[in-house]
């Protein structure tokens, strides 16, 4: 079907291809340009080609996106370097000065022993141990609540990095546990995201029904409902948890919001971790934090899914509109070309007709002038113009009379002819 359609209507979807109006045959048969506009343009590309174009990204597009990402990384690296490197240099200088001051004030401690102590402290911090105070007020990072929270960070792929397995058995079990737990959590996240999407969808439907009663356009309703959905989710999963973390952990408002966003986007730097401070927590605090992470990730997944659906719809509509625009553009181009050719043909015909009429008039006038000239200027009826100087006039013979015509400066044999003489004196 598509092949036959493309053979019948190549180029564009007009009913009849625009004829070449400068061609004598077509010009004779088509006195006017044949314009045709189809109400529903047909996209000539096959469905298989369009599907493959949608499903498979071209290398040119991939290369362009790759260059954009690299440029984005370079910009980010430049900004982070400008913001963070001066602070790093300042802290390094401060530590060196403090070490020198400590060694100067404590002669019994040499620099080698102090460096060994610092290395042990750094290793303890990397292991998740805060070497402050004595052993009586130290909180274990591997109690049941902390272990539950760590297992949750494994299967959610957040991986804060503040604690990690140190034994060989723990590392082996973590590998197997992650390979099995991550897909399982993916199914759970999808299910929770669908349920949240359904709940929010019902709420959005009620909001849309309310706006429909107020005669608000569908586009504005969709925009308003989307903004409400995003704002409600941000308040429930970002603002409210940030306030709770600020109060419990003793963080600033910026640090609390920073932790929430870094966690729910699964970045998980580990510089701020809920339940990681050296304070007394409730036993159910860390499990509750993990359930908040679960629901928050599901919300973000629902938002991303909704955005993806919108982008697909917009992309589909855009492709259809582009196809229709191309079809109309091709048809318009053909029609304009046909009209231009017809205009040029008409101008050529008019110019040719005027030229022919001018030529005919010229020939007619030339024929008439030639006839009058032959009739008037016969050998017996000539008009002679004789120019004389004053001195020459005196030398010339007197006028000869031939009937009523006088000759001046002519030979005598012309006296018998009817010749008109005009004397121009200089």
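Just so it is clear, glycine is given a Cβ too, placed from its N, Cα and C backbone atoms.
Here Swiss-Prot flags 1-61 (among others) as topological domain 'Cytoplasmic'.
The region 'Disordered' annotation in Swiss-Prot covers 1-36.
Annotated site 'pH sensor' per Swiss-Prot: 141, in sequence order, evidence recorded as experimental evidence. Within 10 Å of the C-beta of residue 141 (site 'pH sensor') there are 17 other C-beta atoms, taking all protein chains into account.
Taking all protein chains in view, 14 other C-beta atoms sit within 10 angstroms of the C-beta of residue 157 (K(+) 1 binding site). For 157, 158, 266, 267, the entry in Swiss-Prot reads K(+) 1 binding site, with the evidence type experimental evidence.
In the predicted structure, the topological domain 'Cytoplasmic' (193-222) carries a mean pLDDT of 80. Annotation comment: Swiss-Prot describes 193-222 (among others) as topological domain 'Cytoplasmic', evidence class sequence analysis.
Per Swiss-Prot, topological domain 'Cytoplasmic' is recorded for 309-426 (among others).
Sequence annotations record features per position, and here Swiss-Prot assigns phosphoserine to 348 based on a large-scale study or a structure entry. Within 10 Å of the Cβ of residue 348 (phosphoserine) there are 12 other Cβ atoms, across all protein chains.
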* **Long-range neighbours of the topological domain 'Cytoplasmic' (193-222), counting only residues six or more past its ends (CB under 8 A)** => 228-229, 232-233, 295, 298-299, 301-302, 305-306
* Asked: By a simple count of other Cβ atoms within 10 Å, which of 158, 267, the binding-site residues in the record, is least packed?
  -> 267
* **Counts of helix, strand and coil residues, the topological domain 'Cytoplasmic' (193-222), according to DSSP** => 26 helix, 0 strand, 4 coil
* **residue 348 (phosphoserine) and residue 267 (K(+) 1 binding site), distance between Cα atoms, whole Å** => 74
* What is the separation, in Å, between the Cα atoms of residue 141 (site 'pH sensor') and residue 158 (K(+) 1 binding site)? -> 17
* **Distance from residue 157 (K(+) 1 binding site) back to residue 348 (phosphoserine), taken between C-alpha atoms, in Å** => 78
